[in-house]
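Per TrEMBL, substrate binding site is recorded for G40, G41, R62, N155. Taken from TrEMBL, the feature domain 'Aspartate/glutamate/uridylate kinase' covers 3-232. According to TrEMBL, the feature site 'Transition state stabilizer' maps to K7, K214.
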Amino acid sequence: MKSIVIKCGGSVMEELDDSFFKSLADLKNRGYQLVFVHGGGPAINKMLELYQVPHEFENGLRKTTPEVMEVAEMVLAGQSNRKLTAMLEKHGFEAFGVNGSDAGLFKGEFLDQEKLGLVGEITSVNQPVLEMFLSEGLVPVITPIAAGENGTKLNINADYAAAAVASAIDAEHCIFVTDVKGIFIDGKLSPHLDTEEIEQHIKDEKITGGMIPKVTSAMKAISKGLNSVMIVSGKDKFYENGSWVGTNVSAKMEVFK
Ligand SMILES: Nc1ncnc2c1ncn2[C@@H]1O[C@H](COP(=O)(O)OP(=O)(O)OP(=O)(O)O)[C@@H](O)[C@H]1O
Ligand SMILES: [Mg+2]
C-alpha cells in the first residue's frame, strides 16, 4: 500500500488549521497510509527557559546535554506527541502515539558527540513494528528519540527522523509541515527546487536555521531513492484534488539538449 510520512513541526502544532486536517482526509481517501513524526522546538525552548537550562543551536540542530535531553523527552513525549495524537483522533483518525526509542523503532548513533552531545542520527528503523500499526489501520505518531547503545537515548531532529522513516518504508512522499508556506528565496515562494539549487542557497545563506535540517534530510532521502519531498504550511490547505501548495524538493532535473 502507498504511504506518506508527515513531519509536523513544533512551530505550527498550536496553529494547525481545520483545512490541514481536510488535506489529510483527502490523502487518506486517496488510499494513502499516513505516518507522523512530530517536532516540538518552541515548547522545548519554553520549558528549558522555565527550568533555566542553558541551550543553543548549531545549524538548526539543538546541542543536547543530559539535562536538555531530559526536558526534551518530557516535552516531546509528554506534551507534543499527546497533543498531535489527540488532534488526529478528534479529526477522525485512529492515531497511536509512540516513542521512537520504544521497541527499537528508531536505533541511532551519535552525530558528533563532542560538538552536539546527545544528538543522534538514525541507523535503522524497525519496519515490522511500523507495518504492524499500519496493518491495523492505525496512524503512528512518532516522537523523534532513538535508542543508542547501552540504553542511551538520542535526540533526533524530527526532520531527519521523518526522512529516515520515509526511506525505510519506501514512502511515496515525505511532507514537512511547518509554519511557512515553503522555501522563500528573496521574498518569493519557490514552488520547486532541486538539490543543486538548494546547496547553492545554503551557501548563499538564503536557506538558514530550521530550514537547513529540512532540506539536508530531504536531499539525503532523495539520494536514497525517495521521489520528492514537499515543504508545506500547517496553517493552510496544502493538498486538494491532486495538487500541492508549497515547495517541492527533488533531484537535479536533467536538461536535455
Ligand atoms: N529560505 C527560507 N524559507 C522559509 N523559511 C526559512 C528559510 N530559511 C530559514 N527559514 C526558517 O525555517 C523555519 C522553519 O523551521 P523550524 O525548525 O523553525 O520549524 P519546524 O521544523 O516546523 O518546527 P520544529 O523544529 O519544532 O519541528 C521558518 O519559520 C523560517 O524562519
Ligand atoms: Mg525544525
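Even glycines carry a Cβ here, placed using N, Cα and C.
Across the domain 'Aspartate/glutamate/uridylate kinase' (3-232), the prediction's mean pLDDT works out to 95. Cα to Cα, K214 (site 'Transition state stabilizer') and G41 (substrate binding site) are separated by 14 Å. The binding residues for substrate are recorded as G40, G41, R62, N155; their greatest pairwise CA distance is 12 Å. Across the structure, R62 (substrate binding site) and K7 (site 'Transition state stabilizer') place their CA atoms 17 angstrom apart.
Listed in sequence order, G10, M13, A72, V75, L76, Q79, S80, A158 are the same-chain residues at least 6 apart in sequence whose CB falls under 8 Å from the CB of G40 (substrate binding site).
Neighbours of K214 (site 'Transition state stabilizer'), defined as other CB atoms within 10 A of its CB across all chains, total 28. The two recorded residues, K7 (site 'Transition state stabilizer') and G41 (substrate binding site), have Cα atoms 13 Å apart. Highlighted here are the recorded positions (K7, G41, R62, N155) whose C-beta falls below 6 Å from ligand 1: G41, in sequence order. Those same-chain residues not listed among G40, G41, R62, N155 yet with C-beta within 8 angstroms of the centroid of the substrate site C-beta atoms are G10, G39, I44, A72, L76, N157, A158.
Around N155 (substrate binding site), the same-chain residues at least 6 positions away in sequence with a Cβ under 8 Å from its Cβ are R62, T64, V68, M69, A72, L118, V119, G120, P144, I145. For the recorded site, G41 (substrate binding site), the DSSP three-state label reads helix.
Taking Cβ-Cβ distances under 8 Å and a sequence separation of 6 or more, the neighbours of G41 (substrate binding site) in its chain are G9, G10, S11, R62, G210. When secondary structure is read from DSSP and collapsed to three states, K214 (site 'Transition state stabilizer') falls in the helix class. Of the recorded positions K7, R62, K7 has the largest number of other Cβ atoms within 10 Å of its own Cβ.
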